[in-house]
Amino acid sequence: MEAAEGVSAPTPTEEMNGAGTLMDFLDEPFPDVGTYEDFHTIDWLREKSRDTDRHRKITSKSRESLWELIKSLLDAWSGWVVMLLIGLLSGTLAGVIDLAVDWMTDLKEGVCLSAFWYSHEQCCWTSNQTTFADRDKCPQWQKWAELMTGHTEGAGAYLLNYFLYILWALLFSFLAVTLVRVFAPYACGSGIPEIKTILSGFIIRGYLGKWTLLIKTVTLVLAVSSGLSLGKEGPLVHVACCCGNLFCSLFSKYSKNEGKRREVLSAAAAAGVSVAFGAPIGGVLFSLEEVSYYFPLKTLWRSFFAALVAAFTLRSINPFGNSRLVLFYVEYHTPWYMAELVPFILLGVFGGLWGALFIRANIAWCRRRKTTQLGKYPVLEVIVVTAITAVLAYPNPYTRRSTSELISELFNDCGALESSQLCDYINNPNMSRPVDDIPDRPAGPGVYNAMWQLALALIFKIVITIFTFGIKIPSGLFIPSMAVGAIAGRIVGIAVEQMAYHHHDWIIFKNWCRPGADCVTPGLYAMVGAAACLGGVTRMTVSLVVIMFELTGGLEYIVPLMAAAVTSKWVADAFGKEGIYESHIQLNGYPYLDVRDEFTHRTLATDVMRPRRNDPPLAVLTQDSTTVEDVETLIKDTDYNGFPVVVSRESERLIGFVQRRDLTLAIKNARQKQDGVVSSSVVYFTEDAPQLPASNPQPLKLRRILNLSPFTVTDHTPMETVVDIFRKLGLRQCLVTRSGRLLGIITKKDVLRHMAQMMNQDPESIMFN
Amino acid sequence: MSCRAGSWMFAAAAVIVCLLDTAVFAEAKNFEDVRCKCICPPYRNISGNIYNINVTQKDCNCLHVVDPMPVPGHDVEAYCLLCECKYEERSSNTIKVTIIIYLSVVGALLLYMLFLLLVDPLIRKHDPYTQPLHNEEDSEEMRPRADAGPARGNTVLERVEGAQQRWKKQVQEQRKTVFDRHKLLS
């Protein structure tokens, strides 16, 4: 619209008109024109042409003076500046979250007497009193029972600790849900489905606002440390996008253009994953594969930069004290063998099944929450889920600690110095060199003990995660999914290891596993399992493998990870095409036009367009015979978001398209500021209004808000093409003509409804425009 | 325009926090913040042990850290091969500052929440502002910039109050969308 206008502005006629009496107020655009209302879809084409226009203006101005030149250079650099700021802020916030979570998680069990702000590990960091047997105990760190009663052992102390653990968990989750409810309701959930929708061109005002940022950061810490089965990774993407939106408002280039803003947000999402997993490249790929809709190369480079800065910032905060960006960073050096691909693929199958089960069950539960009485008690729901989680989690040492720590332990290979139960193997007394490759050993009682505890933990995690994802506090899905996979993987890994140890003579183990060799790494199985389960739930492939690869830092494990990721995607796709995020988008009825769906039905534009056969005719404006009053009635009586403008009602030849919002604002503005505009004034969309006798009321000229290049198709265009046009160009609406005459209109919502109908779903589930 | 200024202030605050963090980090390497930890497993008749002292990265090996050496001279090499020494750094000040800032933010939010829930309704019983939103038309017009004109509110206090009222309306609307109508995020 503005582009067309930018071209026509310097023409002599316009100059003459501008100097005339008609339309002085329109020379400076009034506020809010070209913006969108809440829950509306943006028009990518219009945004793009507006940016091109703005850019052209700046370039032409920059030749005028040095100051303008500097301004244009600043403008060109502002994208990188925004990225730098996003990286710094999201890295810092991720560090704060990590540190605070570390501390608060341990607060459930005890407190550091020497300095209350230390977590258990930090408290005993410098202590010389740790012993080899009890290496995480030190006198400075006291459990609550020890502090209150002085006893460390016994049923009384256990019960008191148990009780306080539940109490703290309840307190944290209650605080989280009240803060969310009072200050920023949009801060709940994982945020990725909504961000996907926003990036595809939807407006949710306040979703990326400052309060959402603050509350999401604060409550995320509370939610994670309450011990619920949720992770911080998804919400961190939301937090990073909030940072992106915040810094967008500093530069008019981004704050005034919804399309450009989305480029920044795509890059911010990359920064979010970069700090969540310590995987900058994985973050960029995640943004590309999973979240973004429109991802030009320029955004790729910028995301790369933002992810880099974010990772660097987090690294300099060093929240885990291990010079790594995540708690569960591992380093293996042992090779894997061809035969191991079989268990890896089996883990992939498990991951796919888990993904399918989780999506089905979680969506069913969320639908129940959405439609029944259950949704009326969000606070109570959170409290109940927390109580159940805490009561069931405490007795099992593998669920009591934070999920990240659990994953970290499952990923780790058993060295000679590991003290955990999982590494309780029977050592050969003659073994003398506990270097990296310890030969396979028979499992000790601790490992068998750990096995059934892990099995219980697996069942518990599977069930509770289904009910946790979607409650009204910030909750991510990555960590619980990875935990499920890691537990399953570790169990399989130990099983394979013991099988190989006890049956050296079996034909499959003969070449691969000689006695005294280190042939199976259970930690690697845990990692493959985690990748498979995450892949089954989210249906990521490339970015998932890259994230996992960045976590291990070993190139040789790419093939197992790829095998598992692909298998889990195949298996999960067999049960349902959509990943968890798409399913939630569908459940909420967001207007998200998936680029990956294929549309293969043989319908035509004329079947989809409005008005339908028996509907009243299309509401149109004429270019020079509608009065202000007519327009106002039309706006009042209909709820359409835009109106086609035609030459006259008889000929119905199309001139352009005008947005309802712009029309409302223009008329309101003209009524206030322009003298002589009354209800009977005629609205002109032509280039110049005819000279009218003085008795007639002053005309209102609105060519400025008219989009002269609306997208049109003919009525016999196949819907396949129309859907493609909507997807690729990001249209908001498209007009349908037959031999130049306007027939109807297809909006994005119509397309979505049509697609839903074709897939035998309820078309009314698409809720927004 | 006030929105713009707010954003700048927020950004500035963020950058300051960032700088503060780095500053804290830079001066932080006090005696508590480095350690060299050696874990030595059981060897012959000697039980396993953990050594934890504060040395430079260069000296972080079994020979320097394990003191007194539990084995006779000719066994030192074998014993030290078993030990695993790790040099680690942390920043205790960053942890302290972060936790304290976090707690004060939570505290401030709780206080503000209590204020909003308990004190505020008492003060503005007769305020025309608190008229709940009756018609949808009105609530749709509550976009931040639409009525943020300089005309409203002469003093700073009034302007702050106006902004607060607008924000409250927005949150109320969000609450309706998420918790009552279940349109989003369910």
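Just so it is clear, glycine is given a Cβ too, placed from its N, Cα and C backbone atoms.
Because TrEMBL annotations are produced automatically, they should be read as predictions rather than curated entries.
Among the features that TrEMBL reports, transmembrane segment is placed at A:77-101 (among others).
Annotation source TrEMBL lists transmembrane segment at A:162-184 (among others).
Annotated transmembrane segment per TrEMBL: A:236-252 (among others), in sequence order.
For A:264-288 (among others), the entry in TrEMBL reads transmembrane segment. If one looks beyond the transmembrane segment (A:264-288) by at least 6 residues along the same chain, the residues whose Cβ comes under 8 Å of a Cβ in the stretch are 79, 82-83, 86-87, 90-91, 94, 195, 198-199, 208, 232-233, 236-241, 243-245, 247-248, 254, 294-295, 299-300, 302-311, 313-314, 324-326, 329, 478, 540, 542-544, 546-547, 549-551.
Summarising the annotation, TrEMBL assigns transmembrane segment to A:341-365 (among others).
Per TrEMBL, the feature transmembrane segment maps to A:377-394 (among others). Long-range contacts of the transmembrane segment (A:377-394) within its own chain (CB-CB distance under 8 A, at least 6 residues past either end) are made by residues 162, 165-166, 169-170, 172-174, 176-178, 181, 226-229, 369, 400, 460, 464, 467-468, 471-473.
Residues 189-190, 228-230, 354, 357-358, 361-362, 365-366, 369, 385, 388-389, 392-393, 396-399, 406, 421-422, 424, 477, 480-481, 483-484, 487-488, 490-491, 494, 580 of the same chain, all 6+ positions outside the transmembrane segment (A:450-470), place their C-beta atoms under 8 angstroms from a C-beta of that stretch. Among the features that TrEMBL reports, transmembrane segment is placed at A:450-470 (among others).
What TrEMBL lists as transmembrane segment is A:477-496 (among others).
For A:524-549 (among others), the entry in TrEMBL reads transmembrane segment.
Broken down with DSSP, the domain 'CBS' (A:609-673) shows 24 helix, 17 strand, 24 coil. For A:609-673 (among others), the entry in TrEMBL reads domain 'CBS'.
Residues or ranges marked as domain 'CBS' by TrEMBL: A:706-764 (among others).
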Maximum Cβ pairs under 8 Å to the transmembrane segment (A:524-549) among A:77-101, A:236-252, A:341-365, A:477-496 is reached by A:477-496
Top stretch by Cβ pairs under 8 Å to the transmembrane segment (A:236-252) (candidates A:77-101, A:162-184, A:341-365, A:477-496) is A:77-101
Under the DSSP assignment, what numbers of helix, strand and coil residues are found in the domain 'CBS' (A:706-764)? 24 helix, 19 strand, 16 coil
